[in-house]
Structures are given as C-alpha cells and as structure tokens.
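Enquirer: The feature domain 'Shikimate dehydrogenase substrate binding N-terminal' is assigned by TrEMBL to 290-370. Look at TrEMBL and you will find 408-480 tagged as domain 'Quinate/shikimate 5-dehydrogenase/glutamyl-tRNA reductase'. Residues or ranges marked as domain 'SDH C-terminal' in TrEMBL: 529-559.
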C-alpha cells in the first residue's frame, strides 16, 4: 500500500501549536455532599487540576443546603459544576429542547433507540437547575457547564451576573456518532456564538478514524485561540482522552477509580498520570501504540511508556482499537504517529499495508511491528519469532544445561497450535532451528495452508487430542484460547499433554494459564507467554527508538506490574 498523503490532513502536525497545559479533571460522583467533597480531596491527592461536581448524582440534592458544603473554602481543587440532564429529560426534550419535530430524540424512533446510559440524572425543569448553577457561581465555582440546547436561555438569565472568575463551558454531547470535520467546525462556531468561555464537544466513535476529526478540530481551535474540550467517547475513542494534550485540548477527564466513570471508556486519573505520562505529552510527542481487536487486555502501554520514560524518549504508547487496518493507517498518516505494534487479528493484513517489509517478516507472512519512516513510508518487521523461539530455547536450556551451540529445538517434533500471525512466526522460527514442525488449528484448511507454506504436516485441533507419535514433543499454543476472561479454557486436554516434554503458551494474561498448569502437573517444562511478550517488546522498543532496550528494567516492569 502506498502511503496516502492526501488523508494526512485529517491529523495535522501539532508541533506549531502553542497553548497552556491541558488540565486533568476528575468527576466527583458520590451520592452525598460530604462524600463528594471527600472525592475532591482524593482527586487532589492523586494530582488532578480540577474536580467536576456532578450535582445530578446527589441524592435529594438541595442547592441552598448542599452547595455551601461542596464549595466551602479553602477547597483542594477548582470546581467545575455540572448539573446534567438525564435520559428521561432528553427523551422528552430531545437535542432541540423539544422545539423541533424533526429532532431525532424527539421522534418515536429516536426515543426507542436512545441509550439508557446518558451520564446525567436530572429529570426536572430548567428553572431549578439554572438557579443551582447560578448559586454555584455566586459561591465561587471556577467553571460551570451548561448544554448548548439551553445555553441562550441560560445566558439571558445570567446576563451581568456571572463573576469574572467563573468560566462558562457550553457543551454539546452526541451519543450516536462523530460528525464530519465541517459539521464539527460549525458546531464550534455555534457554541462560540452563545458567548461561551470554553467550548466542549463530546462525540461517539463508531470507528477509531472518527477521532482524527476531533484532533483536527482541536488544532484548528488552537490556531484560532479558542479554548476547547474535545473528546470522543467509548473504547474506539479512548485515544482522544490521552492524546488531547498533544493537539491542544483545554481539559481531559479521568475517573477517580474504576467503577466511577462519568462517561464511557474514561481512564483513571492514576493511569493518565502514571501509565500514559500525560503531564509530559506535548506538541512534539511522538505517538506509538498497539493495534488490535480486542486490545483492552494488552499490557503493552504499561511496559512501553515506562521504558520510554526511563530513557527520556519523548513519546507515548496507547491502545488503538482498530476494525480496518488499511483505513486506520491511511487516516493516521501524519509523522506524529510514528510506529505501531500489531496484534490479533491484523498481523497478516499488516504485510499488505506496509510499503516495505523485512524479508523475514515477509517469509513468515506476518508483521507485528510497523515503523513510519521520515518519508512517510511504512516498514514492517516481525519480532515475535525471535522472542518466542529464544524464550523456548532458554526454558529448555535452564533445565537441560549443555555446552553445545546447537539449538535444543533441532530434530524435535514441534507442534504449533494456531495458524494466524503468531502461529506463522513460531512455525517459521522452529523450522529455522531445525525442528520438525506440525501445524494444528481449529479450522483445518488454515492449518493446511500454513503447513503447505512451510512444508509441514497439518492437523485439526480435534485430531491433535489423539496425536502422540513419540514422547518428548514440544507444544506451542499461539491462539487466544485461555486468555482473560476465558481463563478456564485450554486448547488441549490434560491427558493429551502427557506426550509433551515442553509446553509454551503465548497467552500471558493470566501468566499461569490452565494449559501451563496442567502441563506442569504432567511433568513438562513450561514456558510462559510473558517471556515472549518481554522479548518481542524489546525488539519493538529498539525499532521505535533506535536505542538499546533497557533489558532489566523492562523485565522488572513486567514482573512487578503485569
């Protein structure tokens, strides 16, 4: 695939953008005022800059009684006061405030499809809500959020009454999709026209390329010196929450802890600071990440971000939940997006998407590392095969010491479960070391295809149950069978494992899979997927940075945090 330069405009280079540091805001969502105040104190202790007081979450909220408690000075953090409408209010009013018969949520179809989760819980009239927000201003709230739908009405009410120390955020939330860049630009202008101090737009990602349009709007607003909070909700929009400091977002949200999220896929404040190093992200920060589907289970962000930080490399590593690899790479073709790890199910497609492919990766037929060169071309590599094969060899040598330089795999019967990208890498690597390779897969046709490619016999996974032509075989599982949360699954029965002397499992979440536990009980030498993970990550780190991988540090990170 030739790099599509025309699409690179979707994510403009951010180096020329100058702006204040992006603020970290923690939503306080407790049901009682004093508990909410305690959440604010906890947020301050974790390093937040602002606390969002979600008044709609308070049980039996009484403004004159509760706001003085929440806004009493001295406060540990500046307050952003929000009193958000809930599902019933939106269903009744729609996005238009109930004034347009064509507004989607005002239609029967819209009400039927409206998501149960809205983020807001207030279901009363406007007037009490407005009065509460005005009281918050009087009591010293630094920020107040009001929806675009009612902004004009609210502005008339507070005309001449808003303290200069209070900034008004006018917000628009789209729970269905992310509009075009042109529509987002028009929305910014519409919000500005209300007299807002800060623009807030939150949309929903149907695919990860939607986020590129939000990045484009963030950069445009920075060029025009328009303060903007621009976020894209759900897992495909996660990167908008981490990368907004790079593109000039005024503020991003991080939940106090898991289970207290105020929006879908909101990270914790601790992860933003400690995993993603968000305080160090700026216009010149390079972006790397892991491309996969699923990708939420990956521990690569923990490992790579800590390694980047240890060597002073100005980069961040994020999870990319990608449906269409070619579309993703075309959209995020800016030099800012400098490299990627590739995992299931994209390793084979990555070969076709790269402009150049390392000969070994091409022979394997799978790429797990993509680097964007200075000329924009994408180059693919495979670090899986070295990581896995060396881990298995060292596992055998640890229990069977020998002075020979010959691989302990030479001449051994080596059974690979899985015919995807990782399976291809293991099969190729074992073959190169002189092993007699056999391919097994749930779908026999895929096993046969890989077998024909490398000159190896093929079996279905069901046939493998009764396959024991000799003792002392080596087994390598390269599938996701047994991965969290399906930890009770295993690709092969305990009875069938008795013919194997060495068992390797590429799954590393959990570290001790059912396959490895049962293999150990049968007396086999077991090798954890963590070893492959560490070693392939070291290879990727060197491709990403051009520096030697901090071997001992990366191993310590994995053992301590993963």
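Quick reminder: no glycine exception, Cβ is built from N, Cα and C everywhere.
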Enquirer: Could you give the number of helix, strand and coil residues in the domain 'SDH C-terminal' (529-559) as assigned by DSSP?
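Expert: Counting residues by DSSP class gives 26 helix, 0 strand, 5 coil.
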Enquirer: Could you please provide the mean pLDDT value for the domain 'Shikimate dehydrogenase substrate binding N-terminal' (290-370)?
Expert: 96
Enquirer: Please spell out the DSSP helix, strand and coil residue counts for the domain 'Quinate/shikimate 5-dehydrogenase/glutamyl-tRNA reductase' (408-480).
Expert: 27 helix, 19 strand, 27 coil
